[in-house]
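Participant: Below: one structure in structure tokens.
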Amino acid sequence: MFQVSIDYLVKDAEEPKEAAREESRRLEEKVDNIVRYMRGYHYTSKTTIKGVPLVCVRLSRRLSKEGVAKGIIAVGNVAIGVLSFGCVSVGVISIGCLGIGILALGCIAVGLMALGAMAAGIVAIGSLAVGIYAAGAAAFGKEVAIGAAAHGNTVIGESVKGAHCLRWYSGLSAEEARRFILESHPRLWSPLLKFLAAIAGSMGR
């Protein structure tokens with residue numbers, strides 16, 4: 001009566017359904033992408049040493065127990081391992097924003113030997129260094145301190161305070177620094193002595 005075929009009517013009815021299905025599919029893809037983005041990247045190697053994964057990676061946009069990487073080599077937001085890399089890393093060798101370990105490197109480093117903007121340890125090297133042996137812009141060392149501002153028992157620097165003090169001067173050599181440190185610390189481990197003397201010599205140039 002209206003000169004409209006059945007096929008035409010069915011077609012008009014199917015097109016909105018098809019558009020709705022397409023929109024639903026796109027929405028599901030977006031949700032899946034958001035979930036993957038939040039979960040980040042996870043990887044655990046099949047190879048283990050005494051039950052500990054050789055490599056464990058946990059990179060995520062959120063902090064959770066699932067985001068902690070534990071392995072011989074650990075990489076993650078929080079990483080715990082022999083060799084660890086992370087925002088917060090704990091290990092024998094630790095590298096991160098906050099690094100804690102035997103050898104720690106980071107913005108904030110705490111360890112047996114610590115190197116960072118802020119470092120604390122037996123041997124501490126950093127802009128602000130606190131330790132038994134410390135070197136940096138501001139160094140506080142119980143035994144030896146080397147820095148622009150140095151405080152400790154034996155100190156080398158520009159602004160110094162301690163029992164044994166040597167003020168920097170142009171041309172101060174590593175050998176002179178080594179002899180000065182050796183006077184008050186005759187039993188200091190030779191490699192550490194040379195290391196500290198080299199820092200003092202380089203700063204005195």
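For all residues, glycine too, the Cβ spot is worked out from N, Cα and C.
Annotations in TrEMBL come from automatic prediction, not curation.
Pulled these from TrEMBL:
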type	residues	note
COILED	10-37	coiled coil
TRANSMEM	71-96	transmembrane segment
TRANSMEM	102-135	transmembrane segment
Participant: Using Cβ atoms and a strict cutoff of less than 8 Å, what residues sit near the transmembrane segment (102-135) while being 6 or more residues removed from its termini?
Facilitator: 89, 92-96, 141-147, 150, 152, 192, 196, 199-200
Participant: Please give the sequence-distant neighbours of the transmembrane segment (71-96): residues at least 6 beyond its ends with Cβ less than 8 Å from one of its Cβ atoms.
Facilitator: 44-45, 49, 52-60, 63, 102-106, 109, 111
